[in-house]
Every structure is written in C-alpha cells, then in structure tokens.
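Novice: Can you read through this structure? Questions will come right after.
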DNA sequence: TAGATTGTTAATCGATTAACAATC
DNA sequence: TAGATTGTTAATCGATTAACAATC
C-alpha cells in the first residue's frame, strides 16, 4: 500500500461500487475482468477505475486484466469489511426497521447487534434474534455488546443526544440519517445521509428540463 | 438569474441544506441572517454559501445579510419546490414503507400519489389515504395520476423493469434506491442513493484510525 | 460616517481525463 | 511476436478558498 499518497474521498466512495459489481460478476462465473468491462457495467471510465485501484497497489496484470476473486479480496481488505463490525440502530421508526431488515449489510460483513427505541411497545421485540432495548440503556448495552458503529434513525431533535450517548459508549463510527448537523469528537467518523438532497435535486433539474 | 453561468452539481446539492436550516431559523423567529451565521450552523464556509447563492441572483443586502423569508422563497423557487410534484413509490418493502411515511417530503412540497407492489397482501392498503396498487398497473395508474417522479425501492433484479415502466408512463425523474445501475433515456433525471457507500466508508476510516 | 457583510474576481487546490510506456 | 491492458505521468477541468471592492 502506498501510504504516502493521499487517497481522495471520491476514490473511497467508489470502492464499494467496485466491490459490489465484482461480486456480481463473480456470481456470473467471470474470473478475469478488464477495467473497460467494469467501467461499462457501472458507468465509470476505465481510467478512473485503474487510477483508483492503483493508489492501493498493483492488483492487475498488464495485458490481462484483474483476477476477480483476488480483487474482491483486496478491496474488501482495503474497506475493512473483514472486521465484522458490530452495529447498533438507534430509533426503530419505519427507517430504523427498514435498515434493520436490509440484507446487504450482512453480506458486507456488518453484524447488527442491538437496536434502541423509547417506545415500550417496541422494546423487547426482535429481528433475527436481535433485540430492541430501551434507549435509556443505550450506553450500557453498547459497551456490553462492543458496538463500533451506531446508526442514528431518530428524529432530528433527539439525534445529538443519541450521538453523545454512542460516543460515550466508545462508538467511533456514526451513520446519521437525521436531517441535522451532529457534533462529534474529531476521532469519530461521521457520515450523514441527507435524503432531501436527492429528491430536491430531481425537482431542480425537472423544473428546468420541462421548461424547454 | 444568470443563465450563462453553469451551476455546479455541488452547489445544487447544498441548496436543500440551506433551505432546511433557513426554515429552522425562521421557526426560531430569526428574520435576518448572515452567511457567517448560516455557515456556523451547517458546517459550510460563508464564502461558499455566498458564492452558491450569488450564482442565482443577488439575494442579500450588503452590510446587512439575507432576509430569511425572502431567501427561503427564492431557494424554494430555484429548487422548483412550488411545483407540488406527484410522486409514486415502487416496491413497498420496509424501505418503501419508510419512505411513504417520511414526513419531510410533504414539507418540501412533494405529494405522494400512488404506491406499487407485487404482494397481494399489500395491494389495497393505504397510507394517509394513498393506495397501494399492483405493480402490473404501474404504467396506467402513473399516467392517470400524472406521476412526475418515481421512487424505486424494489430489489435490484426488478429495478430496471420498474424504471422502464415509469419512463413509459412519462415519468421524468427517478429516485433509485436499488443497488444497481439503471439505464434511462437522457431526458430522464436519475438520482441513485447507494447506502452501502456510507457504511463501507465508515469501515474504511475506522480500520485506519484504530490502527494508530 | 464607521462597521458590517455581500457579491465577485483571482488564486489555489483537488479530482478527472488523456496519453503512453511498461509488460503480460 | 502482436495485441491487449495495466499503472503512471502530464494536462485539463472543476470546485473551493482567499481577498477585496462595493455598498448598506
């Protein structure tokens, strides 16, 4: 690995896309693939793909391409997917349930270990053997279960408190779905998904294209 | 509006963020706000905010700041949120239900007008008076209800078929949650949300920060 | 007027694209 | 060997940051 090179965020965000398509072509029985072919399938230029991959090492064979199985293993290692991270979901509204039932996470090696909510009707229920705990127990249970990544799916007003409790429990990664800016210590990795952006940008472009 | 300037995608994606925080400060009773103050609340530099806004017109007053109410109206118009878009959700699994119940969409002026699924148990059910139809009726119902934006929340294997049917019904905006690349005509606006990116990137950074 | 804050231009930074030598 | 395809360097493009004149 070339430690001296700074890897751009854009590159990191493309790796999971490569990872998924490679597993998909592997299922098709493909053993060797070119950057050209990967690119065609996901709509990214082959140059971009080669540059992204080359910043982590020489994974390909000149004149041949990339061995699918090896590349999957290499990207998986780069992304740390072998870690088997324990994750917890905070807020079991519709979105929380949806995320708890999302199969892709399991296939990426993430292990849902706990869920939290304030609603007594939800506390005690389970999904695939994983229990919903009262949010008052968030810090204690998170420490007990060695939670490393917390998913925030509570309303905006409760999101900062949830983040604070997760951080207090030693969680170092937060995936936030609440539409609000969270303050977390520098050493905590925070990724926020803002669903209103996607829909609003469609509205923006639609407004203009229909005018024509 | 300065039609000759090309607006960057990054700028468009920040407008919904400005829009939300402005409505929030309006609720607090704030009538005038500076770019400095907006920036502090959402973690964006004031220069960036001024530049973004200035590419659409002169919305501020030098030496004063921005009138919150006017700026909300202006950004809303830029984003086309006054259009009252009719949207349909295809695929009423956990994610589809979550999106159907997401309140923020209504507050942005989007109008959920139809939902579709293959499951006979789901067909006929309603959310806030909006019905779930069988996916075979997608094209017909979408035309009847004048659907302009389609949300794809079906499994990857069914996503392209859903997109094709939406396009055939005249839908010009697609918001895709299926983890697959969709092919749509050039005049159709496609925005895809890839949830595995966020979680994988947390894993990437966590793997490195914990090594130290 | 003096202080504050915008809008805009110039400078910097970062990411993508193009080109091509290396080599399987 | 000839054809194919990678990895890397250079060129281009686009977005952010800095600086400051304009003006409320």
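Backbone N, Cα and C define each Cβ position, glycine as well.
Unlike curated records, TrEMBL annotations are generated automatically.
What you see is a predicted model, and the numbers here were worked out from it, not measured in a lab.
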Novice: Among A:17-56, A:57-96, find the range that TrEMBL records as DNA-binding region.
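Specialist: Here TrEMBL associates DNA-binding region with the stretch A:17-56.
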Novice: How many of the residues that make up the DNA-binding region (A:17-56) does DSSP mark as helix, as strand and as coil?
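Specialist: Output for the DNA-binding region (A:17-56) reads 28 helix, 2 strand, 10 coil.
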Novice: Reduce the DSSP letter at residue A:94 (NAD(+) binding site) to three states and note it down.
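Specialist: It is helical.
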Novice: Take the domain 'CoA-binding' (A:80-181) and count its residues per DSSP category (helix H/G/I, strand E/B, coil), listing them in that order.
Specialist: 38 helix, 27 strand, 37 coil
